[in-house]
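See structure below.
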Amino acid sequence: MASGYDRAAVVSGADLGDAARRRNVPGTPQQVLVPQPQGDDKKKAPKQPSVLDVLDQWEWVISPIVFTALAFFTRFYKIGLSPIVTWDEAHFGKFGSHYLKREFYFDPPAGKLLVGLSGYLAGYNGSFEFKSGETYPPEINYTFMRQFNAFWGAVCVPMAYWTAKELNLRRAAVWLVTLMVLCENSYTTISRFILLDSMLLFGTVATTLCWAKFHNQRRNSFEPEWFFWLFMTGLSIGFVTSVKLVGLFVTALVGLYTIEDLWNKFGDIKMPIPVLAAHVAARVVGLIILPFLVYLLSFAIHFAVLTNSGPGDAQMSSLFQANLRGTEVGRDSPLEVAYGSQVTIKNMGYGGGLLHSHVQTYPEGSSQQQVTCYHHKDANNNWFFYPNRRDAPYDPTADPRFIADGETIRLLHAQTGRNLHSHQIAAPVSKSQWEVSSYGNATIGDEKDHWKVEVVSDAASRDRSKIRTLTTGFRLKHEVLGCYLRAGNVNLPQWGFKQIEVTCTKENNPRDTYTHWNIESHTNEKLPPGDPGQYKSPFLKDFIHLNVAMMTSNNALVPDPDKQDDLASQWWQWPILNVGLRMCSWDDKIVKYFLLGNPLVYWGSTAGLGVFALLLVWYVLRWQRGYRELSHAEIDQIHYAGLYPVAGWFLHYLPFVIMARVTYVHHYYPALYFAILTFGFLADWFLRNQKVAVQSGVYALLYTALVGLYVYFMPICWGMTGPNKDYSYMKWFDSWRMSDA
């Protein structure tokens, strides 16, 4: 038999490495003899790759497709089973109706715009009221509207896969993270209704993915792909903040990363100053200006679409309202205000309401009639301009006498006949300011009912000698105390119906817009009608005004101690899956949905946060003792794939611990995503150096448990029909109220 070495080949050192490694022979740059194929060996065909080899090679394509298909199936299957308005569909469906009817309201617009778009595509005309528990009429394709929302939740699954890959997790851990998002029952359920949570999750996951992509381009600064992912991160931030202000939390995470990144570059003395300046400028444009422009654009569309009067009118300035179709503000109102005029008076501060009084009295202080600011239109907002008590009494038969700048007047409440009044009694909430009340009547009172008019601006004229409807801004100075009527965005307690506190501030600050007022509506039979609504308010002023109104309204959503909210929950209950949420009536005749997570996802991810903290402490202590067991690459992996997801969890969770507003289980869902990423990192970290059999066994157990529990609790996602006692097997704890049994 011919020798395998009867032909020699010269192999260079560069080519030898792979051949030497295959034979476990140390490679050298010397010439060596390697066996050459002889005889029949030359005729053997190259080995064909196996099916497993092909699957392994194309895993990066096959896995996202499979996971995406499963995501769409689980989110779309039987999505139209329940024909009733479920949970917060009553709110967000109504917002969509406002867009279709072009009725003005206030709130972050992007998500509601998309709800309105889904209704438009479904052929809905906006006429349905979306009352909770009401059956959808045949003309509304609610199934399509739900599918539109489910799309956003479904695409979170492949994005979670790509994010885990960008965080340099190994394949098994990437699959684990993706399965945890796919098989999270609460994510499935919340995505199947006309709500904003699936869009919020989409924006959060997309921002995290783009940030991870951008981070991995850090060695390719100013290359096209680097710019692409920088701007995609900015676009994602703009989108998620336009859906809900909760998007500011993931924005803060990207901001922390950016600060750290630029700080490190600042410390690199080898980097030229122009290059450092370019890095700063690129991030300012991509991560501040671009997101702000996206956010601004959503409001520009909001204002352009909503041109009719609607339920959000009173939150806006009087000039803005006057330019809405169908509004009563400024319509046929006389232009100039005279004694005897009946008016409504609007506070010009951002989020300001209408000066208001009602028969209820202060429970402490003067115990006189309350004065507040109120955002809804009713008869208690009406006031009369009357002369002060030193002047001649108002004569309704005399010619009209216009109110000039600098005049001292009285304001008489139309419904109760009492005077706007202030005295040296501390305000109920803002103790450093004086209380404002309604006191006396047209004939009974004193000089503490007197207010001096100080005109500060006029959008229609340079002549500030008179008060004009809508356009004139003025202050009211108390004649005796020298304080100014003010309505900051401070809400009264429940005894004041959560309305805005009105005070008399001792500070004389002409720039304080919360001391500025204007006439919103005006009636006086002696004066001809005018058209004060011909003047428009600037877009940026409207934009700021609306955003302040949103934050003020959100801050007012505090728990009412006099009412029990069976759906609300506490922040400490979420990470331990202590409680769920009934999304509809629990009648046996309707389809029921219960908002509850996968126990393994919740408990595993929460435990993972604690384990990561211990892991960090362990390595810090070891480092302090002189051990240098981690390579630079491993430290980077802990930093970016472990520490940043934990930071993301804290940023999304802690605000709900601090804030006083009413909270529900779905407020935890963005934070849960970062806890899932942390769990995936820990699984990858602890199993990376284990034997293949150990890794396979642990991951197989986790995969099986995830899918098994997901299927076990699937009825709460796809709908429970029939008697709820049939589902008592899922009620592991009394607080899991999917069954009354």
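Heads up, the Cβ atoms here are built off N, Cα and C, so glycines get one too.
Curation plays no part in TrEMBL annotations; they are all automatic predictions.
Record features (TrEMBL):
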- 17-46: region 'Disordered' (REGION)
- 194-214: transmembrane segment (TRANSMEM)
- 226-259: transmembrane segment (TRANSMEM)
- 280-305: transmembrane segment (TRANSMEM)
- 334-388: domain 'MIR' (DOMAIN)
- 400-456: domain 'MIR' (DOMAIN)
- 464-522: domain 'MIR' (DOMAIN)
- 600-621: transmembrane segment (TRANSMEM)
- 642-662: transmembrane segment (TRANSMEM)
- 668-687: transmembrane segment (TRANSMEM)
- 699-721: transmembrane segment (TRANSMEM)
Grab the pLDDT values for the domain 'MIR' (464-522) and give me their mean, rounded.
94
In terms of Cβ proximity under 8 Å, which residues at least six beyond the ends of the transmembrane segment (642-662) contact it?
167, 204, 208, 246, 249-250, 252-253, 256-257, 554-555, 557-559, 565, 568, 571, 574-575, 609, 612-613, 615-616, 668, 670-671, 673-675, 677-678, 681-682, 685
Could you give me three numbers for the domain 'MIR' (464-522), the DSSP helix, strand and coil residue counts?
6 helix, 24 strand, 29 coil
So which residues does the transmembrane segment (600-621) touch in its own chain, when a touch means Cβ under 8 Å and the partner is 6 or more beyond its ends?
180, 183-184, 575-577, 630, 638, 642-643, 646, 649, 672, 675-676, 678-679, 681-682, 685, 702, 705-706, 709
Long-range neighbours of the transmembrane segment (226-259), counting only residues six or more past its ends (CB under 8 A):
108-111, 196, 199-200, 203-204, 206-211, 213-215, 217, 220, 282-283, 286-295, 297-298, 550-551, 554, 644, 647-648, 651-652, 655, 667, 670
Just to be sure I understand, if DSSP states are collapsed into helix, strand and coil, how many residues of the domain 'MIR' (400-456) fall in each?
3 helix, 28 strand, 26 coil
